[in-house]
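First comes the structure, then the notes that go with it.
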Amino acid sequence: MPTTIALIAHDRKKDDIVAFVRAHTPILSRYKLIATGTTGQRIQEGTGLPVERMLSGPMGGDAQIAAQVATGNVIAVIFLLDSLYAQPHEPDIQALLRICEVHNIPLATNLATAEAIVAMLRQTRIGYLIFNPVSGQGNAQQDLALIQQLLEPQIRLNVHLTTPELSAEQLAQDAIAQGAELILASGGDGTISAVAGAVIGTGIPLGIIARGTANAFAVALGIPTNIRGACETILAGTTCIVDAARCNGFPMILLAGIGFEAEMVERANREAKSRFGALAYIVAGIQQLNEHELFATQIEIEGIVKEFQAGAVTVANAAPPTSVLAQGLGQVIATDGLLDVTIAMPSTKLQAVNAMLNLFGSALIQTAPNRPDIIHLRTKQLKVTTDPPQKIVVDGEIIGTTPAEIECIPNGLTVFASPIIEQTV
Ligand SMILES: O=C(CO)COP(=O)(O)O
């Protein structure tokens, strides 16, 4: 959908349009502004807002704007006419007015109707949709078309596709810098975490349209993992405030896995994920189980250090039941201001398999497993040191090796989701 507004004023109305734009800067600054040459210059000088300037009206500026309207790029035209004086380029003016009629584009020709357009804009939300076209196994073009079809009657979408050069995180930062009031992320957990990471602490509501392999974040927060359901959740408008976290400076929404999980994620590479979907993780997990060894682990919380021989250390902010290694407490609470830490210390492969099954079972019944080889705790922050150093995976991406310093950011994210009902364990 277009997000451009065209601004034009005849000479004796130029002061009016500058005053009008100045009075409505907060709302108009959310849109791309285009204007005829002199009008654009006056608005830029008078308000500091960026304006893309066409030719001056008599030289064809009205005609250029008419072309933009005709090609569907313009959401509204504000054209303060001077009806008391004849203009040399009257045919161009009439052509622009006619094109607005033909294309049913809101057109204000005086200050009263310009105010009406601003009132309309106030009721329209603009959503920055950050869309990863290579996530998951669906047809990205069809997915995007469906999202637009479902959301656009109520939310004007500013669509930005991720590319190898333009990361989801960069796009999210740009959206925030442009004053986004609503950011939507569509892709796998990597895309969603990257966008969420940039949004932490801004208070900007985040919509999640999961199209990935595991979609752990959506599942953890009870957000539907089909496009239609996800869009309905966004349109319903209910938001939840959940915790976020940082691991060695990297934003973390779901969990940090140290040891087993990091190795497993590395095995379940992009190619395997495209071929086997979520099964890739299980295949990789079984392969990994054959090779994995325990490592010496130090956990430091508020100056107190404890030592373990661990196979996996998982520090979770939010996690679905299928994030087996995070389930030391039977469920991960995303709204308690604390991280859920699970340390698995199996000494044989059989114990490891048993421990994983046990953890999965406890997540399903939301009770902590009672096993001597699983330790669990909740804390706001901790430091994990291992010998030898272990890889760390944060929200599905390897970010480096231990030591890992992880801190919860209570209430760091506002997401569109139904209220989360947590049971206290
Ligand atoms: O003449 C105009 C519109 O018809 C306005 O043009 P300028 O903004 O260049 O003065």
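Quick reminder: no glycine exception, Cβ is built from N, Cα and C everywhere.
Marked as active site, proton donor/acceptor by TrEMBL: ASP62. Look at ASP62 (active site, proton donor/acceptor): DSSP puts it in a helix.
According to TrEMBL, the substrate binding site annotation covers HIS10, LYS14, THR36, GLY37, THR38, THR39, SER56, GLY57, HIS89. Counting only residues at least six positions away in the same chain, the Cβ atoms of GLY57, PRO58, ASP62 sit under 8 Å from the Cβ of HIS89 (substrate binding site).
In the predicted structure, the domain 'MGS-like' (1-145) carries a mean pLDDT of 94. Here TrEMBL flags 1-145 as domain 'MGS-like'.
Per TrEMBL, domain 'DAGKc' is recorded for 122-251.
Once Cβ contacts within 10 Å are tallied over all protein chains shown, the binding-site residues THR36, THR38, SER56 are led by THR36. When secondary structure is read from DSSP and collapsed to three states, THR36 (substrate binding site) falls in the coil class.
Residue pairs drawn from HIS10, LYS14, THR36, GLY37, THR38, THR39, SER56, GLY57, HIS89, the listed substrate binders, are separated by up to 17 Å at the Cα level. Cβ neighbour count within 10 Å across all protein chains ranks ASP62 highest among the recorded positions HIS10, ASP62.
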